[in-house]
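Participant: So TrEMBL says this about it:
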TRANSMEM  6-28  transmembrane segment
TRANSMEM  40-60  transmembrane segment
TRANSMEM  66-89  transmembrane segment
TRANSMEM  101-121  transmembrane segment
TRANSMEM  127-148  transmembrane segment
TRANSMEM  160-182  transmembrane segment
TRANSMEM  188-209  transmembrane segment
REGION    221-253  region 'Disordered'
COMPBIAS  226-236  compositional bias 'Basic and acidic residues'
COMPBIAS  240-253  compositional bias 'Low complexity'
């Protein structure tokens, strides 16, 4: 019974994680149409690629890791596509920074982890070491939204914290927790407890401050009778603010 439930949660986790990985598609469609990255940063996508590659390595080391292999293979593929599109349309400065970041995370760091664990650890010890590294990295990523939550409290605006994405990420954390718990893989289960807590906190903050954001948006609408120029200027300012919004990609495992 437990293996069947674990497989069910694994399949559900793959479906939800698949949707989370596809969340930035509208952003990159916009980048493709405008032929410009317009202030978006590549950091979340490089981090997501590193996480997917790290968990893929862990999945190949452990027994019955097929559920992790499928979703993280897709994760590696889609993040490479995102980064390729970004590199095509980014400025020269952004391309140089992104290249250095990819070399640091996905070549140097991952290569060092792979070589050290391959040559200096064997069998179950190797699995445990890589599992601990995955868990620690996941905790660090789950803590990252604290900066966004602090911004929401300070500005009383939920503009940069989409409720739908927070909801899916919370659901993702719940599903992968139960999957890890049922297969007794606490390197997967434990970090997702923190992911659930922070996801729930984000949704609660959204519900608390969404009315303030709506009122603020209504106040900045051009008053009736304003010149079309003022309206165009206001629209341009709002559009620029939207374009500078950084899309958060949270690691799934």
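The backbone N, Cα and C atoms fix where each Cβ goes, glycine too.
Unlike curated entries, TrEMBL annotations are predicted automatically.
Mind mapping these onto the model and telling me what they sit next to?
Facilitator: Away from its own ends, the transmembrane segment (6-28) comes close to residues 40, 45, 48, 67, 70-71, 74-75, 78-79, 82, 85-86, 165, 168-169, 171-172, 175-176, 178-179, 182-183, 247, 249-250, 252 of its chain (Cβ-Cβ under 8 Å, at least six residues beyond either end).
Non-local neighbours of the transmembrane segment (40-60) in the same chain are 21, 24, 27, 31, 66, 68-69, 72-73, 75-76, 79-80, 82-83, 86-87, 90, 94, 97-98, 101-102, 105-106, 109-110, 113-114, 127, 130-131, 133-134, 137-138, 141, 187, 246-251, 253; each lies 6+ residues outside the stretch with a CB under 8 Å from one of its CB atoms.
Away from its own ends, the transmembrane segment (66-89) comes close to residues 7, 10-11, 13-14, 17-18, 21-22, 24, 28, 31-32, 35-37, 40, 42, 45-46, 48-49, 51-53, 55-56, 58-60, 95, 98-99, 102, 179, 188, 252-253 of its chain (Cβ-Cβ under 8 Å, at least six residues beyond either end).
Long-range contacts of the transmembrane segment (127-148) within the same chain, counting only residues at least 6 positions beyond its ends with a Cβ under 8 Å from a Cβ of the stretch, are 47, 50-51, 54-55, 57-58, 61-62, 113, 117, 121, 160-161, 173, 185-188, 190-192, 194-195, 198, 202, 248, 250-251, 253.
Counting residues 6+ beyond its ends, the transmembrane segment (188-209) has Cβ neighbours under 8 Å at 68, 134-135, 138-139, 142-143, 145-146, 148-149, 152-153, 156-158, 161, 163, 166-167, 169-170, 172-174, 176-181, 250, 253 in the same chain.
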Participant: Using a Cβ cut-off under 8 Å, which residues of the same chain at least 6 positions beyond either end of the transmembrane segment (101-121) come close to it?
Facilitator: 42-43, 46-47, 49-50, 53-54, 57, 83, 129-130, 133
